[in-house]
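Taken verbatim from TrEMBL:
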| type | residues | note |
| --- | --- | --- |
| REGION | 1-45 | region 'Disordered' |
| COMPBIAS | 22-31 | compositional bias 'Polar residues' |
| DOMAIN | 97-508 | domain 'Amino acid transporter transmembrane' |
| TRANSMEM | 112-131 | transmembrane segment |
| TRANSMEM | 137-156 | transmembrane segment |
| TRANSMEM | 176-199 | transmembrane segment |
| TRANSMEM | 247-267 | transmembrane segment |
| TRANSMEM | 287-305 | transmembrane segment |
| TRANSMEM | 336-357 | transmembrane segment |
| TRANSMEM | 377-401 | transmembrane segment |
| TRANSMEM | 422-443 | transmembrane segment |
| TRANSMEM | 449-471 | transmembrane segment |
| TRANSMEM | 483-508 | transmembrane segment |
Amino acid sequence: MDERPETELISIPATPRGVSTPEIQTPSGQRSPRPPSKEAKSSAWTPTSFISPRFLSPIGTPMKRVLINMKGYLEEMGHLTKLNPQDAWLPITESRNGNAHYAAFHNLNAGVGFQALVLPVAFSFLGWSWGTLSLTIAYFWQLYTLWILVQLHEAVPGKRYNRYVELAQAAFGERLGVWLALFPTVYLSAGTATALILIGGETMKLFFQIVCGPLCSSNPLTTVEWYLVFTSLCIVLSQLPNLNSIAGLSLVGAVTAITYATMVWVLSVSQPRPPTISYEPLPLPSFSASLFAALNALGIIAFAFRGHNLVLEIQATMPSTFKHPAHVPMWKGAKVAYFFIAMCVFPVAIGGFWAYGNLMPSGGILNALYAFHSHDIPRGLLAMSFLLVVFNCLSSFQIYSMPVFDSFEAGYTSRTNRPCSIWVRSGFRVFYGFISFFIGVALPFLSSLAGLLGGLTLPVTFAYPCFMWVLIKKPTKYSFNWYFNWILGWLGIAFSLAFSIGGIWSMVNSGLKLKFFKPPS
């Protein structure tokens, strides 16, 4: 990776002998590590540690007042650092005025979406007990790894890990960190954006059919043309410059996701249940078929909890000082967001399975609602549910694409040593939007691989953060903390392999391909 130029922002003259040079926060919020010393290993140093009562005791009152005022200033401002000017040019770190509200909006927009609608499909293969237990364990497991990522954002004094790959490099090494983290994070960003184009385009087509009815059926747009319409809307919205500037869109995405998720499970449980409903796991011809189907179902549950690849990026938009570290508002916002995520995924999974049992179609609860109750639901309610899905997909596209925009601009600024002009930035985003469109057209089944993709990207959420905690924080060897994180990490890797195999086997042998948002009959 190219090394970014660094210029020292502020330096202070003489510091007491034996005390390492303090640091201060730069306008962009970036911190750079200072060389470790033997004394720093034995005791944690802060910029004001040398301004103590013992240090002040031999000094006269006027000088004491000056030093006390300087102590307050340093505590407020943070610490000295070396400024990385490139961070002020990139979309993720360009703006550092984020807060707990923005963190809640972004985490909620990234963490809940269309993938929650297929959770009842997993229950149809696992049954009540194993389905509820698996969903509960996955929720608290990913909440723990989220807390780990929030804490590791500033684990090294004077350094902020603003991107998931940067933290992986710090934990696993420069080369291995890229190999381990780059593919799953790129897929979670670019692959999810492509899937959103497919789902958003299909949903727009169905919304148009419902609203317009038979009056507009003479020369309707094809599905690919609706993909193009949706992609064009995404490109227009993507011209917002940085991650903080899309906080309003994230709020829209969060509200729409909560609304349509609540709508589908409330409508499902309020309707009469099918007479042939059963809550036993779907019978399959052999034990191996049942095993691999269960693994695929667990992969669907794992895929429902996404967004960890964006946690460090969201936290990077916040200012951070010693007195007001960024992890405090970030964790506040994340707790609120994941409370609402729980209020979405658990009712959808449990309520959907209660309403349809193992009659649940492979497309999820929305397809089941249309298949069993399409004639009982008012046309306006159907149209509103589709419109909410479209708004949610448009909003989610922006936050999942931001790391890709950041990578494009990082490459450009590293080579030219100047920020992207508005035309270059727009060109990158138009190019990315249409590349995602062409991939979606070439691979229209991409949005149907929930189980497989849940397995492939599972380490980002469930495994890597545990390894990073051990390698960076270095808990006491053979302590509970040490064993707990190593076991969780290796369990995550094992589950990733098993769920991926289950997803591949289920697609090849059982035809368990998920098709979202089929038209109602």
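Each Cβ is built from the backbone N, Cα and C atoms, and glycine gets one as well.
From a predicted model like this one, the values you see are computed outputs, not experimental measurements.
Residues 141, 144, 291-296, 298-299, 302, 449, 451-456, 458-459, 461-464, 466-467, 469-470, 475 of the same chain lie 6+ residues outside the transmembrane segment (483-508) yet bring a C-beta within less than 8 angstroms of a C-beta in it. Taking every recorded stretch in 112-131, 176-199, 247-267, 287-305, 336-357 and counting its Cβ pairs under 8 Å to the transmembrane segment (377-401), the highest total belongs to 247-267.
Ranked by Cβ pairs under 8 Å to the transmembrane segment (422-443), the stretches 112-131, 176-199, 336-357 are led by 176-199.
Long-range Cβ contacts of the transmembrane segment (112-131) within its own chain (Cβ-Cβ under 8 Å, at least 6 residues beyond either end) map to 196, 199, 253-254, 257-258, 261, 264, 279-282, 293-294, 296-298, 300-301, 303-304, 306, 340-341, 344-345, 348-350, 352-353, 356-366, 368, 389, 392-393, 396, 447, 450, 514, 516.
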